[in-house]
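Q: Take this structure, written in structure tokens, and hold onto it; I'll ask about it next.
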């Protein structure tokens with residue numbers, strides 16, 4: 001989306017009309033102002049059960065060889081009680097607390113105190129100080145983009161330790177996986193609670209806050225749009241990317257090391273998981289500046305949904321395939337391994353090229369070529385809180401002419417490839433594709449609801465030109 005702005009003369013607005021314009025614009029941006037019963041019920045369910053869902057998956061691997069059914073059978077038949085399962089669960093340890101504290105502190109240090117230098121020698125990489133999208137209140141935040149650098153430094157130290165220093169075992173993450181789960185929950189709840197308190201007493205930008213009056217909704221979905229400490233520590237950018245996504249590849253490497261320790265080899269399925277998910281992680285950090293224009297940064301407020309989700313849900317449930325393969329090593333035949341690899345790479349190509357087309361279109365204000373010709377688009381406009389009128393272009397050609405969220409289609413293809421590496425013996429590793437399908441479909445719907453509120457009749461013209469959301473001809 002390419003945009004430019006037009007300021008209304010101040011004399012054209014009196015105080016009352018400005019308030020009305022503000023209220024209208026605020027409705028069009030970000031999350032909801034009012035909470036319907038279904039949203040509240042969904043939020044209460046997640047607040048109550050999401051931590052137990054994560055625990056159940058990890059406990060199933062630790063005590064039941066990754067079977068999701070056997071724990072329920074034991075409980076319903078009386079073979080075991082909840083107390084029996086809980087008593088066998090590893091508790092929080094000082095060792096795990098120390099590991100996790102050092103990990104988070106190190107990532108904060110890399111994020112805040114080491115300015116990006118990668119953009120100075122990596123052609124095509126955009127790092128350093130970059131501007132984000134316009135906030136609902138009309139502000140433009142600046143970010144220090146240094147995620148790729150943090151990832152590189154972290155992994156250089158990881159491999160240096162594994163092959164030279166030997167400060168700790170490469171299996172350290174797997175060996176402390178459940179105690180680390182308690183640590184990540186502590187951080188997730190702490191940062192979410194702090195963000196809510198901050199929004200009431202010392203918000204970074206009061207005009208970008210949203211209060212519904214419903215405690216549970218505000219706690220989960222967030223009140224502040226871009227909570228910050230100091231000039232550069234942005235909660236959303238840090239917790240979305242670090243420590244969870246930097247850890248993603250380290251977690252998989254620890255799983256591979258454990259497989260080597262237990263069985264004397266690393267299976268090709270484990271290698272595939274490391275490679276395919278590693279590509280996704282590297283893509284995220286290579287395009288971190290582009291990420292500033294995505295829904296997470298541009299529209300989501302920072303609450304439990306992002307704070308706890310990035311600390312707990314992401315590192316624990318996005319890595320289930322590698323965890324499963326530690327307990328159930330799978331050696332794929334050459335044909336199956338090749339097919340899964342191709343599915344993952346094609347999915348990544350679609351995901352990346354679709355996003356690249358949109359980014360190119362936005363950066364050039366439509367003065368570019370998509371598939372060898374000038375892109376087609378629909379012009380539209382919207383208003384910010386301060387009464388500024390912005391003009392945008394919504395592209396209707398290239399992959400964006402096939403479906404309105406074709407990048408999500410590529411993402412789902414890659415997600416399916418991760419799961420297929422695990423074979424079909426258990427359903428646990430397939431949670432990821434089920435979850436991603438629900439997540440991205442829901443994201444399509446809420447994003448389009450927001451776009452309709454934002455663009456109005458212009459959005460109707462866009463959906464008429466591009467009628468499908470994810471799969472051309474089907475959905």
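Using N, Cα and C of the backbone, Cβ positions are placed for all residues, glycine too.
So TrEMBL lists these for the protein:
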- 1-15: compositional bias 'Basic and acidic residues' (COMPBIAS)
- 1-22: region 'Disordered' (REGION)
- 37-58: transmembrane segment (TRANSMEM)
- 92-114: transmembrane segment (TRANSMEM)
- 148-165: transmembrane segment (TRANSMEM)
- 177-197: transmembrane segment (TRANSMEM)
- 237-255: transmembrane segment (TRANSMEM)
- 262-282: transmembrane segment (TRANSMEM)
- 302-320: transmembrane segment (TRANSMEM)
- 332-351: transmembrane segment (TRANSMEM)
- 415-440: transmembrane segment (TRANSMEM)
Q: With an 8 Å cut-off on Cβ pairs and a sequence gap of 6 or more, do the transmembrane segment (92-114) and the transmembrane segment (237-255) reach 3 or more such pairs?
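A: By the criterion, they touch.
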Q: For the transmembrane segment (415-440) and the transmembrane segment (302-320), decide whether they are in contact, meaning at least 3 CB pairs lie under 8 A, counting pairs 6 or more apart in sequence.
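A: Answer yes: the transmembrane segment (415-440) meets the transmembrane segment (302-320) with 3 or more Cβ pairs below 8 Å.
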Q: Can you work out which residues elsewhere in the same chain, 6+ from the ends of the transmembrane segment (37-58), have a Cβ less than 8 Å from its Cβ atoms?
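A: Beyond its ends, the transmembrane segment (37-58) has Cβ neighbours at 68, 71, 89, 177-178, 181, 185, 214, 216-217, 219-221, 304, 308, 312-313, 316-317, 320, 323, 428, 431.
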Q: Hey, which bits of the same chain come close to the transmembrane segment (332-351), Cβ under 8 Å, at least six residues off its ends?
A: 267-269, 272, 275-276, 279-280, 283, 399, 406-407, 409-418, 420-421, 423
Q: Where else in the chain does the transmembrane segment (262-282) make close Cβ contacts, counting only residues six or more beyond its ends and a cut-off under 8 Å?
A: 148, 151, 245-246, 248-249, 252-253, 255-256, 318-319, 321-322, 325-326, 329-332, 337, 340-341, 344-345, 348, 414, 417-418, 421-423
Q: Could you tell me whether the transmembrane segment (148-165) and the transmembrane segment (302-320) are in contact, taking contact to mean 3+ Cβ pairs under 8 Å with a sequence separation of 6 or more?
A: no
Q: Against which stretches of its own chain does the transmembrane segment (148-165) lie, if we need a Cβ under 8 Å and a gap of at least six residues from its ends?
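A: Those are 106-107, 110-111, 114, 116-118, 122, 125, 127, 242, 246, 249-250, 253, 257, 281-282, 285-286, 288, in sequence order.
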Q: Which bits of the chain, at least 6 residues beyond where the transmembrane segment (237-255) starts or stops, bring a Cβ under 8 A of a Cβ in it?
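A: That would be 103-104, 107-108, 110-111, 143, 147, 150-151, 154-155, 158, 170-174, 191, 270, 273-274, 277-278, 281, 284-285, 288, 291-292, 296-297, 302, 306-307, 310-311, 314-315, 318-319, 322-323, 325-326.
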